[in-house]
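These come from TrEMBL:
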DOMAIN    1-50  domain 'Cytochrome b5 heme-binding'
TRANSMEM  86-108  transmembrane segment
TRANSMEM  114-133  transmembrane segment
TRANSMEM  220-239  transmembrane segment
TRANSMEM  259-281  transmembrane segment
Amino acid sequence: ISNWVKRHPGGYRVISHYSGEDATDAFVAFHPDSQFVQKYLKALQIGELAATEPNQDRQKKEDVVSEFRVLRADLERRGLFRANPVFFSLYLGHILLLEVLALMLVWLTGTGWISSPLCAVLLATSQAQAGWLQHDFGHLSVFKKSKWNHLLHKFVIGHLKGASANWWNHRHFQHHAKPNIFSKDPDVNMLHAFVLGDTQPVEYGIKKLKYMPYNHQHKYFFLIGPPLLIPVYFTIQIMHTMFSRKDWVDLAWSVTYYMRYFLCFVPFYGFFGSLVLLNIVRFLE
């Protein structure tokens, strides 16, 4: 698949993370429409591995793999992967209601010391809930037709959150393909700010890497983690990704979020005040 991998809708990295390994279970999990992907697979097959070919995946045990596949088949047979459209409609509805309530609150009561924090809490709750809703659309797990999942995904993460669907997919697919594996899962890439797990602290100790006072990381986490992750790091990364990859569709969706937000709150807080409110909401989120 070397010549085809760059055209992979899920990105080339999620495939490269499985080079030399058995990717069967990850493949099944990421491709709900097996008949559709079979069209691509037939043209890419160049041979079959011998039965004695070793599996290079780290610490994978045959009995665990076998039991996992039996469990998955049982869950599918019982219909536990089928989404309820009514639930997701109500889920989206309550997010929109929270957004309206936040605006109505400052419209009716003003921008006082009680209404403004309440407004921030409502918006932060809405943003957090929208984060989980876009997650399910991004996994193509709500509608049977992928195009509807993609459309609603762009609406929720783009228009309701101001982020990029493709940026999220690129990160999150890698996360699920190799959860908590350093250099493969972006969610544990701490940019030298923190050291995690059992091996990374030892590695940093041997190499004498002292980017931060890691013996105090449990204290400074709350000083640089929540305040910077979404308001600063994710925002910069999202914008950089959309421009560098010329992802104009996602950028257009993102712009609609900021237009709507500032049109709603600038009349009450002014531009600078609205910007402060937005960052407080991101921090709370």
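Backbone N, Cα and C define each Cβ position, glycine as well.
Bear in mind that the values here come from a model prediction, so they are computed numbers and not experimental data.
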Margin query: Restricting to the domain 'Cytochrome b5 heme-binding' (1-50), what is the model's mean pLDDT?
Written below: 84
Notebook entry, point to check: By a Cβ-Cβ criterion of under 8 Å, what residues six or more beyond either terminus of the transmembrane segment (220-239) are in contact with it?
Noted result: 163-164, 167, 193-194, 212-213, 254, 279, 282-283, 285
Check: Near the transmembrane segment (86-108), which same-chain residues lie under 8 Å Cβ to Cβ, leaving out any that are not at least 6 residues past its ends?
Finding: 115-116, 118-119, 122-123, 125-126, 129-130, 133, 136, 142, 152, 156, 160, 264-265, 268-269
Next item on the list: Residue list, the transmembrane segment (114-133) vs rest of chain: Cβ under 8 Å, 6 or more residues beyond ends.
Entry: 88, 91-92, 94-95, 98-99, 101-102, 105-106, 156-157, 160-161, 277, 280-282, 284-285
Checklist line | DSSP-derived helix, strand and coil totals, residue by residue, for the domain 'Cytochrome b5 heme-binding' (1-50) | finding: 25 helix, 0 strand, 25 coil
